[in-house]
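The feature transmembrane segment is assigned by Swiss-Prot to 22-42, 44-64, 97-117, 140-160, 163-183, 207-227, 259-279, 319-339, 366-386, 389-409, 423-443, with sequence analysis given as support.
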Amino acid sequence: MSTTESIASSQTSLSSWRKSDTTWTLGLFGTAIGAGVLFFPIRAGFGGLIPILVMLVLAYPIAFYCHRALARLCLSGANPSGNITETVEEHFGKTGGVVITFLYFFAICPLLWIYGVTITNTFMTFWENQLQMPALNRGVVALLLLLLMAFVIWFGKDLMVKVMSYLVWPFIASLVVISLSLIPYWNSAVIDQVNLSDIALTGHDGILVTVWLGISIMVFSFNFSPIVSSFVVSKREEYEAQFGREYTERKCSQIISRASMLMVAVVMFFAFSCLFTLSPQNMADAKAQNIPVLSYLANHFASMSGTKSTFATLLEYGASIIALVAIFKSFFGHYLGTLEGLNGLILRFGYKGDKTRVSSGKLNTLSMVFIMGSTWVVAYANPNILDLIEAMGAPIIASLLCLLPMYAIRKAPSLAKYRGRLDNLFVTAIGLLTILNIVYKLF
């Protein structure tokens, strides 16, 4: 085959779309759509209409460029079957491997704490408002919920993974159905409150600060970084030997782009539908109550006077149940990653990396006790979930998703061709702005 024919074949292949590409597009999309999405409308709608319109413009670039940067880092390793830890070790040595292990663990573990608080608050809200039952002791509720999840994890891990995979699409479908079903309840409150003469760019409630804080929740909600390494390995094994690495990179970018479009469309439609049904004041109230937006919607419809429609009655009960299922799904998914990361840290620093010195059962037990114990402490303390996301969850995700790839592009010879690009500045800015939230929360 001539060079011209080879290039033509490669271009034709890029335009073709395989079943595996669709599978991975939906897989990336499904990974990102979880419990974090239930808090995005609260932060996005907190400042009113103009900030959420700005976030709408930023949503796709944040989702696409940041995940593409991480995918390029994963693609830069010499071994097509090597994961991100191996690739970082290749570029930066064993120290880099330790750093990435820490980053992965501390990027996921705080999410479990967030979900621990969320599931406790969601259950207690459902118990008191929808079931009209007397208030329960918070510590006992958190402990029982965590023990229930620990029991399921310990005795039914394989079943849990299978059930999680089945729950992804019903949850996404429920978000779309709820978004559409809320349309008859839309009102103009958020538009009526727009007064151009009162709009401030700066200040605590200004547009810039609101959007800045909104970037953190976007990084948190539009995040499928945990699966990017596996995705890249799969695509390299499928395409690289036949078409080369450059083609594989373009194919990965194409898949990430389509997954990002799907994700942004579903999440932003859900956020706008919630905002037009409620109001910025309602969103502030939801933040103060420390509950996800579905729980607040359930309480909102429960407090409606007069004869309720069938949908209002269904949503009153269904929204909290959907939220509970979503949080359970997200907790289980992130627990597996946290367990793997903590097991690796204990093995590396407690047993010098010697797997023969400790059984997997003992390792899993030690990790479970720490994970569930720390989650219970945080759930009992009940810190504000959005503050926890903005000060801890999102900054650590940003360091892995945004700053690590940018540092690698600057230092690694195999990534030199990506230097000096405008999208690198954008990804770096998103990472730094997200991390600077820590300073804002402190002062």
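Glycine is treated like the rest: Cβ placed from N, Cα and C.
The transmembrane segment (389-409) makes no contact with the transmembrane segment (259-279), as judged by fewer than three Cβ pairs under 8 Å among residues 6 or more apart in sequence. Counting Cβ pairs closer than 8 Å and at least 6 residues apart in sequence, the transmembrane segment (140-160) and the transmembrane segment (44-64) reach fewer than three and form no contact. Simply put, out of 97-117, 259-279, 319-339, 259-279 has the most Cβ pairs sitting under 8 Å from the transmembrane segment (44-64).
If you look at the transmembrane segment (163-183), the same-chain residues 6 or more away from its ends with a CB under 8 A from one of its CBs are 29-30, 33-34, 37, 266, 269-270, 273-274, 276-277, 294, 297, 311, 315, 319, 322, 325-326, 329, 332-333. It is 319-339 that, among the stretches 22-42, 259-279, 319-339, forms the most Cβ pairs under 8 Å with the transmembrane segment (97-117).
Long-range neighbours of the transmembrane segment (259-279) within the same chain, counting only residues 6 or more positions beyond its ends whose Cβ lies under 8 Å from a Cβ of the stretch, are 24-26, 28-29, 32-33, 37, 40-41, 44-45, 49, 52, 55-56, 59-60, 63-64, 67, 172, 175-176, 178-180, 182-183, 185-187, 189-190, 193, 221-222, 224, 286, 293, 296-297, 300. Sequence-distant contacts of the transmembrane segment (22-42) (same chain, at least 6 residues past either end, Cβ-Cβ under 8 Å): 63, 67, 111, 115, 118, 168-169, 171-172, 175, 217-218, 220-224, 226-228, 231, 234-235, 255-256, 258-259, 262-263, 266-267, 270-271, 274-275, 283, 286-287, 292-294, 296, 323, 326-327, 329-331, 333, 385-386, 389.
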